[in-house]
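These come from Swiss-Prot:
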MOD_RES   Ala2  N-acetylalanine
MOD_RES   Lys55  N6-acetyllysine
MOD_RES   Ser335  phosphoserine
MOD_RES   Ser558  phosphoserine
MOD_RES   Lys971  N6-acetyllysine
REGION    315-343  region 'Disordered'
REPEAT    44-81  repeat 'HEAT 2'
REPEAT    210-247  repeat 'HEAT 6'
REPEAT    248-282  repeat 'HEAT 7'
REPEAT    289-366  repeat 'HEAT 8'
REPEAT    370-407  repeat 'HEAT 9'
REPEAT    563-602  repeat 'HEAT 13'
REPEAT    606-643  repeat 'HEAT 14'
REPEAT    646-683  repeat 'HEAT 15'
REPEAT    729-768  repeat 'HEAT 17'
REPEAT    770-808  repeat 'HEAT 18'
REPEAT    809-845  repeat 'HEAT 19'
REPEAT    890-927  repeat 'HEAT 21'
Amino acid sequence: MASASYHISNLLEKMTSSGKDFRFMATNDLMTELQKDSIKLDDDSERKVVKMILKLQEDKNGEVQNLAVKCLGPLVSKVKEYQVETIVDTLCTNMLSDKEQLRDISSIGLKTVIGELPPASSGSALAANVCKKITGRLTSAIAKQEDVSVQLEALDIMADMLSRQGGLLVNFHPSILTCLLPQLTSPRLAVRKRTIIALGHLVMSCGNIVFVGLIEHLLSELSKNDSMSTTRTYIQCIAAISRQAGHRIGEYLEKIIPLVVKFCNVDDDELREYCIQAFESFVRRCPKEVYPHVSTIINICLKYLTYDPNYNYDDEDEDENAMDADGGDDDDQGSDDEYSDDGDMSWKVRRAAAKCLDAVVSTRHEMLPEFYKTVSPALISRFKEREENVKADVFHAYLSLLKQTRPVQSWLCDPDAMEQGETPLTMLQSQVPNIVKALHKQMKEKSVKTRQCCFNMLTELVNVLPGALTQHIPVLVPGIIFSLNDESSSSNLKIDALSCLYVILCNHSPQVFHPHVQALVPPVVACVGDPFYKITSEALLVTQQLVKVIRPLDQPSSFDATPYIKDVFTCTIKRLKAADIDQDVKERAISCMGQIICNLGDNLGSDLPNTLQIFLERLKNEITRLTTVKALTLIAGSPLKIDLRPVLGEGVPILASFLRKNQRALKLGTLSALDILIKNYSDSLTAAMIDAVLDELPPLISESDMHVSQMAISFLTTLAKVYPSSLSKISGSILNELIGLVRSPLLQGGALSAMLDFFQALVVTGTNNLGYMDLLRMLTGPVYSQSTALTHKQSYYSIAKCVAALTRACPKEGPAVVGQFIQDVKNSRSTDSIRLLALLSLGEVGHHIDLSGQLELKSVILEAFSSPSEEVKSAASYALGSISVGNLPEYLPFVLQEITSQPKRQYLLLHSLKEIISSASVVGLKPYVENIWALLLKHCECAEEGTRNVVAECLGKLTLIDPETLLPRLKGYLISGSSYARSSVVTAVKFTISDHPQPIDPLLKNCIGDFLKTLEDPDLNVRRVALVTFNSAAHNKPSLIRDLLDTVLPHLYNETKVRKELIREVEMGPFKHTVDDGLDIRKAAFECMYTLLDSCLDRLDIFEFLNHVEDGLKDHYDIKMLTFLMLVRLSTLCPSAVLQRLDRLVEPLRATCTTKVKANSVKQEFEKQDELKRSAMRAVAALLTIPEAEKSPLMSEFQSQISSNPELAAIFESIQKDSSSTNLESMDTS
């Protein structure tokens, strides 16, 4: 430390040197010292350093001065508080100096100090004291109005300080406001402008009294309207406040908007611009409060969008009618540009109107149909706007409209799910001709910006409405070619033109382009040869799509591709051979050439083997291998049967080696390639090649990656069918892995289906030691030997399915095996595991093979219903149902008879019936529907809820068989006097809803409202199941309930409230325990709310929704967890609405995070509280992603509370790490 002090005193001495270079070097060295973490200054050194740095602010040399100012940053954090106050005092005094240079350098110094202070959320006393010291000096400097340059600097620093440390200055806010308000009438516009910026930062952190004072002042001054100049300033100020604190100004809009509307009618273009900008900020920042005024705002914007008093557009309109595909004469281009009037401000009004319409369109999704009636035609008519900047904003507004129209989810464009009448998509479709007509002329404008806007517009239009331009291609192609050929086109314009062409090619049928191929190929080929890699890359993508157009393989085509093959091939091969090109170009050249060979390979002659050799080289390169594998897969699957023999000998072993690489996408791609090669080129593959692949397979068959396993099993199935002799090699490790996977509880879905296909293909190959009985023993052996216990029930189901698959493939073996399984069930010495497997296997076999010849089967299964093991009973129930499907006339009457005569076994028998209804064919079941229906209705009033649920599921699935007859019958039971019956039929409806179109859907849509009326049922349980059914509809088929939301939501929200009358105390020994009978129904209501965010967001009043979310944040553990999830979703979906409610949301979150569990609580309580804290923190992290959320005083206070609490800080940090790693994963496209 002594040496550091000595070194610094040495530097201080040099700073007094008369040589400016010495002073400069010494100051620079001091800067370096101050930036070291290790430096510690004693009191004396601190005083001397501070004094010297302040003295150097007045140095004669500018460079020394600047360095001295930079030293202030690190110095502030290295010296004691009173020294920082000395620095600030001196800088404030110097800021008022007569010397301009000293004033300037002191202002920079103050900004540097403020920038270095710890943030308000850290709770630092230093920051608070320094800011208080500066504030007093600044307010007096601003209020004096003596020297404008001092005022401007002071306002600048004030704004900076309020934005960084506003929360610390709450006590000064009234005096800051008092000094700022008079500056709004300053004769200098620059002063007014900076005052508005400072006020914008003030409103983010000031208390309500100050905020109300400011708004009242602005409203009263606007009402007086003393001078046009100040009125303009006040309107700008209101817009700035709205932008910074929209959530606070909302309640004053009823007073503000009529004034702003009035000023729009004043003949002053600047004022009009500011008024419309204010509307834009209200629309974006106060969505709820502005709602009643949106129509007025739209009308004003539409009026001023065309406001161009000094220019006549009439001649152009006539021009527009003469639209032709050749584009006419280009000599008249740019005539608009010749018109100029420097005093004309009307373009600013038009631009403000376009931006405001953009804001309205982007934020009011529910008004889309209205926008297509009024806003869309108006914007289209303004594509001809003469002022380029305004035109760009008009285009941007229309792009926003298209983006809002893009179907977000499949149900929006699913014809079954469409609401009746005109939809935004059909309205847009009808306006496409007008859009194309308006764009046609713009596409040959000189302006690059305008043409880029046209391409963006066409791209978005085709993404929203694929096929929309089918009739208009002849008109648009010349415009695209114009930009591709234009020497003056910028690179970005060419890229946009190519990208637009690509999207159009992808979304229209090939025939549409055939008349234009001759015109399109040359410019695209020229772009492939462009020296700029981004243009080449985009052009290769277009070329690949053009290849599919000139020779489509999936439909008959009479188009002659021959004239274009040479050009397309030559330009692509040149790029394919080049070694030093960009990675993107390399990959796209490979993909494009793959497409050329796939579609045109029979025309390439001697070029084909040479090109395939290049592919072989690319296969050996780590960077290009995955793209090459995909290209080879495409070629191998071509119906042209391309000759791949020249490369298979070397290529297949390379592909085999990829299966051991630690790159998942490469493994999956390689398995696809090998599969198609085996299917289409089996005669060209040798046993050695196949063995090389088989050697690599065992590690791929594993439960750790089911998708890779599925692909590997599918490959083996193909091999068994095409190359059965190779399977003798799999009896070792591959088969062990397969059998191991069958026992995995994770084997289901696609992987299980692949496994069943494989066993069926394998058993018929007749391979040694892999016959029916061999495989059966391998599959079932462990269960019989009891050597390895199968812990998971799913494993027994998988083995049973495999046994059934083998038996279906070898039906002659069936009777003996079925007989054996029946004996296993009967045998008193059989373990439960053996019985379980035998019953499930009987069920799976009987599902596909009629077992009615097995006379004792019924009695054996019924006997198993009495087993002490629940799993065996359940398996017997499943087996009976599944066997019945194999022969309905034999077994179904028997099951119905048993349900009637065996009340004790009813529950299990109903499960058998459910299996029959779920799995049997509609035709087979039709004759029995009436009998089953009558039986089920007898049991729908059963007091046992489990039985009622099975009955309801049976009723629902039965209704799907004959909806016209049965749905009205279900509806009739809604008026039953039994609440059990009502709950059964409402639950039954849940089982008629699925996520794909069904014949019942239109009928269901007409009557689901009647079922949902049970949300008003007096019985709590009926209301709960109504919510569960509603949730299922909202999740799987939102179109059923979208139009009912206005009626349903009040009842839904009603069920989110805690009901005191449903809370009771239960005595358990010496303890009293509180039971809340309303918890389940509240949970169901909140689950519905969560679902609606995904499926019906545009139909929700988000502020009403948030009211109930707020209540949920204070509810029971389960409900808090749900509402925390909702906050995370809402932060992304409607950030501006959440921002308005932020202060009300923070408190319950803080309460959750700071709750302490009693020391004597059980471990489960601690775990629950920990999970609650983590979920609450996730919600906080999501809220903080909303722009400007951290500016809320309550939120920043909560943040500082989190950072000062080690436990909370650790949780918060880990959550932020998790979310950032998740984002990275989602960006990883491999």
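All positions are counted from 1 along the displayed chain.
Glycine residues also receive a Cβ, built from the backbone N, Cα and C atoms like all the rest.
For Lys971 (N6-acetyllysine) paired with Lys55 (N6-acetyllysine), the C-alpha to C-alpha distance reads 90 Å. Between the repeat 'HEAT 17' (729-768) and the stretches 370-407, 646-683, 809-845, 890-927, it is 809-845 that has the most C-beta pairs under 8 angstroms. Sorting the repeat 'HEAT 15' (646-683) by DSSP state (H, G, I as helix; E, B as strand; all else coil) yields 33 helix, 0 strand, 5 coil. There are 13 other CB atoms within 10 A of the CB of Lys55 (N6-acetyllysine), with all protein chains counted.
Each residue contributes its Cα atom, and for Lys55 (N6-acetyllysine) and Ser558 (phosphoserine) those atoms are 88 Å apart. Look at the Cβ of each of the modified residues Ser558, Lys971 and count the other Cβ atoms within 10 Å; the largest number goes with Lys971.
For the repeat 'HEAT 7' (248-282), the DSSP-based tally of helix, strand and coil residues reads 31 helix, 0 strand, 4 coil. Using DSSP to sort the residues of the repeat 'HEAT 21' (890-927) gives these counts of helix, strand and coil: 35 helix, 0 strand, 3 coil. For the repeat 'HEAT 17' (729-768), the DSSP counts in helix, strand and coil order read 28 helix, 0 strand, 12 coil. Applying DSSP to the repeat 'HEAT 19' (809-845) sorts its residues as follows: 31 helix, 0 strand, 6 coil.
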